[in-house]
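According to Swiss-Prot, the feature domain 'SprT-like' maps to 7-148. According to Swiss-Prot, the Zn(2+) binding site annotation covers 67, 71. Marked as active site by Swiss-Prot on the basis of sequence analysis: 68.
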């Protein structure tokens, strides 16, 4: 799906579900990571995440488009366009748009785990962040800490 196809899709969804035309640009933004799409208040454009289309298909993309068009049409008409606004929630229900998009699969970062051991009492510490072993000591016996395992 290219830029012209997504523009046409957004215009069709706008007329079909909202009965109002979409007069601005709809485009894919490759820099979007965790969100399905976003409505830009200053330009009135809609940016969509292409990876959601690749992963979940056109149905999920149409749901994201409907969600962003709710923001668009409410903002254009001067009504409450934010997620917490009553107008927004009512319009979402009326057009059967999702409040949130699905989570991206395989997007979880592998969590690094650092394991430290006290040289004095052999107490082990598991941390997600690396610590400076020259500055910190064991809380139990004040012994020196050494890094024994780094898992990524």
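For all residues, glycine too, the Cβ spot is worked out from N, Cα and C.
Mapped onto three states, the DSSP output places residue 67 (Zn(2+) binding site) in helix.
Each of the binding-site residues 67, 71 was scored by other CB atoms within 10 A of its CB, and the lowest score goes to 71. Mean predicted confidence for the domain 'SprT-like' (7-148): the pLDDT average there is 92. A sphere of 10 angstroms centred on the C-beta of the residue listed as 'active site' encloses 24 other C-beta atoms.
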